[in-house]
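Q: Take this structure, written in structure tokens, and hold onto it; I'll ask about it next.
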């Protein structure tokens, strides 16, 4: 009897080993994508949200993450099912005028993204090593290009670098959470019970949505899965999608925990002490007297890792957008130089990086429908998706997601035009 149990256990262990090996083969694309969900724009909105409104907006991060998981699965599914990325499918399906409109809006989103990510890396270098902002900006550009250049040696190499940087961000904020000692009963309550304290919170809520659900990686994810999309059989595609869903769940929930930690630490440290944070530099300086020098260093390291990794991912997404929509394939170093200009201009003019980051995230939230609607139109089209076309439930979820984003953006626009935010 014992022998049978041992044999059964061995078979289970062997099966689990095979499944784990299979999963590790597919692990990666979602972690590249997840970097965009913990970029410096998230630092800006989450720090502001926590210092101004305590734990009230954690639920926004939760539901933004649920939306992000759904959209990234849809993007990956499109890439696996069709063999094309989302911009390429748009250029195939939509009339030329619409395609150019989608391309321009996608490029604007990429510029807003690059601004946030580039500023994050620059601020990280400035805060940690006191490198002047202008020099730090150029150094950020060099590091970003070096990361993207490693793609020459295979996508797995870039995935490994990005995974390492995400691990650094995770460890830094795990340390921050440990020493901040938040009120976990409040954290739990506000994670599941929605509340918007006032009209000013609406701007931060939409900023959190824009920072957490990123349009450029909706385009990018459909490209990243192509690397492993070598067997065109139906069975292979189904297996690929199954593994990619697990990849997405692991990566995106890691991003959710990091985002929630940012807001929780801000609420537990800044709001609790009646401190309203108005700049990233102020957040860094204020942490030291409240939680110690190691806390401010952890914050700076997390910001630096976030800026470097997300800036590299932004460059990759920009290439996918330009090549897919209009067939242009400019060198990466030229692309990096072009996207450096807005960030360096803001630095040179002395504009507050925190406010620039928040505005960039709001811009991204308005771009979201331009990425979401084409994605959902294509994934529900049986002609292109065949067996992978959306089920009725997925279509309903798609309509709900698109409606939620547009209603939230419409409300913000209305309040902005009235001058109430």
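Note that Cβ sites are derived from N, Cα and C of the backbone, with glycine treated the same way.
Residues or ranges marked as transmembrane segment in Swiss-Prot (evidence: sequence analysis): 27-47, 51-71, 100-120, 128-148, 160-180, 201-221, 248-268, 289-309, 337-357, 358-378, 396-416.
Just tell me what is around each of these and how deep it sits.
A: When Cβ-Cβ distances below 8 Å are used as the criterion, the transmembrane segment (51-71) is approached by residues 37, 182-183, 186-187, 189-197, 200-201, 204-205, 208-209, 212-214, 218, 248-249, 252-253, 255-256, 259-260, 263-264, 266-267, 270-271, 275-277, 283, 372, 375, 397-398, 401, 404-405 of the same chain, each at least six residues removed from its ends.
Panel annotation: around the transmembrane segment (100-120), residues 36, 39-41, 43-44, 87, 90, 94, 137, 140-141, 144, 211, 214-216, 219, 303-304, 306-307, 310-311, 313-315, 317-318, 321-322, 325-326, 339-340, 342-343, 346-347, 353, 356-357, 360-361, 363-364, 367, 370-371, 374 of the same chain, lying at least six beyond its termini, place a Cβ under 8 Å from a Cβ of the stretch.
Sequence-distant contacts of the transmembrane segment (128-148) (same chain, at least 6 residues past either end, Cβ-Cβ under 8 Å): 118, 121-122, 158, 161-162, 297, 300-301, 304, 307-309, 311-312, 315-316, 332-333, 336-337, 340, 343-344, 347-348.
Beyond the transmembrane segment (160-180), the same-chain residues lying 6 or more positions past its ends with a Cβ under 8 Å from any Cβ of the stretch are 28, 31-32, 34-35, 38, 147, 150, 254, 257-258, 261-262, 264-265, 268-269, 291-292, 294-295, 298-299, 301-302, 305-306, 308-309, 312-313.
Taking Cβ pairs closer than 8 Å, the transmembrane segment (248-268) reaches residues 27, 30-31, 33-34, 37-38, 42-43, 46-51, 53-55, 57-58, 61-62, 65, 68-69, 72-73, 76, 166, 169-170, 173-174, 176-177, 180-183, 187, 191, 212, 277, 283 in its own chain, all 6 or more past its ends.
Long-range neighbours of the transmembrane segment (289-309) within the same chain, counting only residues 6 or more positions beyond its ends whose Cβ lies under 8 Å from a Cβ of the stretch, are 35, 38-40, 42-43, 117-125, 127-128, 140, 143-144, 147, 161-162, 165-166, 168-169, 172-173, 175-176, 179-180, 269, 273, 280, 283.
Tertiary neighbourhood of the transmembrane segment (358-378): same-chain residues 41, 44-45, 48, 71, 74-75, 78, 82, 86, 89-90, 93-94, 102, 105-106, 108-109, 112-113, 115-116, 203-204, 206-211, 213-215, 218-219, 384-385, 390, 395, 398-399, 401-402, 405-406, 408-409, 412, selected by CB-CB distance under 8 Å and a gap of 6+ residues from either end.
Within the same chain, residues 67, 70-71, 74, 199, 202-203, 205-206, 209, 213, 362, 365-366, 368-369, 372-373, 376, 379-380, 390 sit at least 6 positions outside the transmembrane segment (396-416) and bring their C-beta atoms closer than 8 Å to a C-beta of that stretch.
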Q: Other than its close neighbours in sequence, what residues sit by the transmembrane segment (201-221), given a CB gap under 8 Å and a spacing of at least six beyond its ends?
A: 29-30, 32-33, 36-37, 39, 41-42, 44-46, 48-49, 52-53, 56-57, 60-61, 64-65, 67-68, 71-72, 75-76, 79, 85-87, 106, 109-110, 113, 116, 255, 259, 313-314, 316-318, 320-321, 324, 358, 361-368, 370-372, 375, 405, 408-409, 411-412, 415, 421
